[in-house]
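Okay, so here's the structure we're looking at.
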């Protein structure tokens, strides 16, 4: 009788994702209370925007949507025999944080133009660009046509907009088109597929979570935590926004009835103990699609190189891909350590030992290491610094990889935060280094010079990068004051290392740290 009852219960348990839930427990009064305090803490961190700002975003999207429809109709009327007599449609669709409902005050709007086949990408970067430039509300428009994902960025009435372009093989774009339909990808160019991917992933995510409200609040909390702890940057080898969203969505599937406060704890519990490199997925992968062979080959797991990914977290929309391909050995260790520490704090929150502000408190990066490599960028103009700075940030993980291949280095921790202590035309980035205990001497001249040489070769192919000077050099922690103000060096919660009772010393920040073995370092400014 008991077995029959258990069998019936098992068969009626709803499955979210690829497995049964770990727990169906409902929130306790304590969970609900901690969710309320979590909400207040998120508000204090500016995680929510004012109603006026939300209204302005809606107005911006409405204007862009109307402008795009009119633009597409004009092109259709001139290029199609009967173009004047039917509505070609077209629309602007949002994705990213805004579509997921977790955008914060001042955040940009990620969006994509959905256009019919008679409208080309060349039209997007010519005629639509001209229409936007002539609008007095549009400022700082920048078009990058040759990027991996071609994009136009601009500011409209004070709101930052990233606008992509996707061309479907349809003469008319229906008003209520289902962009998650895989068949729409047929006959699409690769740039359009990549541009549409963000929309498809966002829609799939929202379809796969059992409770959107709990998902959104939990994701807001995880984003605030990740940014304050320096583990939020896909370009620099950490997790980007979509990766954190997938992790939160998976936690929601495993604990479908849990409150946001409990889900925050479960995100850290599940993924700090995950058996990497076992992949994290939200749904079963798409069956092979021989009718779209080029896209099918992009699916994660189809290629031999995929087995070398360290922390595969797979997007839920076809073609399913790894969102963490930039993660390195060092960034993986940093992410796992931060999640383990966060789990400890969450447990303390539930035990009443501390509150949520301790979870979101910024960690002092400079207290964690005694040795650093500093990248100092000087540009004559702020605009040049912005463009070259983005170019450099997208390649810094290559330098980290070179350091990781040096057997004398245990960890190379890149701080994703850009520092501008003196002016907007000068920027600094830091890599904290942890050396092997037996190392007495370290020479990183080859790694640094090779990186700079490759960087210069790539930069020469891009106009406007001539008036920049990049210096890469070694600096001890005690000499960081030459680069950063004391307030920056003392900011946030200090890292406390375990130390033996008879081998401690006090550092400038006032905390106990174990002494490093004295060593020499060869990487002077002249050599770099």
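Easy rule for this one: first residue shown is 1, then count along the chain.
Including glycine, each Cβ sits where the backbone N, Cα and C put it.
Just so you know, TrEMBL annotations never went through curation; they're auto-generated.
Listed in TrEMBL for this protein:
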- 17-209: domain 'Poly(A) polymerase nucleotidyltransferase' (DOMAIN)
- 95, 96, 97, 108, 109, 110, 162, 223, 232: ATP binding site (BINDING)
- 108, 110: Mg(2+) 1 binding site (BINDING)
- 108, 110, 162: Mg(2+) 2 binding site (BINDING)
- 214-362: domain 'Poly(A) polymerase central' (DOMAIN)
- 364-421: domain 'Poly(A) polymerase RNA-binding' (DOMAIN)
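For residue 162 (ATP binding site), other Cβ atoms within 10 Å of its Cβ number 17.
Cα to Cα, residue 97 (ATP binding site) and residue 110 (Mg(2+) 1 binding site) are separated by 8 Å.
The number of other CB atoms found within 10 A of the CB of residue 108 (Mg(2+) 1 binding site), across every protein chain shown, is 16.
Annotation: 95 carries the greatest number of neighbouring Cβ atoms among the binding-site residues 95, 232 [cut-off 10 Å, Cβ to Cβ].
Mean model confidence for the domain 'Poly(A) polymerase nucleotidyltransferase' (17-209) is a pLDDT of 93. Across the residues annotated as binding ATP (95, 96, 97, 108, 109, 110, 162, 223, 232), the two Cα atoms farthest apart lie 20 Å from each other. Across the domain 'Poly(A) polymerase central' (214-362), DSSP classifies residues as 81 helix, 6 strand, 62 coil. Taking the centre of the Cβ atoms of 108, 110, 162 as the Mg(2+) 2 site, the nearby residues of that chain (Cβ within 8 Å, site residues left out) are 96, 98, 109, 111, 153, 160, 161, 163.
Considering only the binding-site residues 95, 162, 232, the residues lying within 10 A of residue 108 (Mg(2+) 1 binding site) on a C-alpha to C-alpha basis are 162. Contacts of residue 110 (Mg(2+) 1 binding site) defined by a Cβ separation under 8 A and a same-chain sequence distance of 6+ are given as 94, 95, 96, 97, 98, 99, 162, 164, 198, in order along the sequence. In the domain 'Poly(A) polymerase RNA-binding' (364-421), helix, strand and coil residues by DSSP number 24 helix, 16 strand, 18 coil. The number of other Cβ atoms within 10 Å of the Cβ belonging to residue 109 (ATP binding site), over all protein chains shown, comes to 22.
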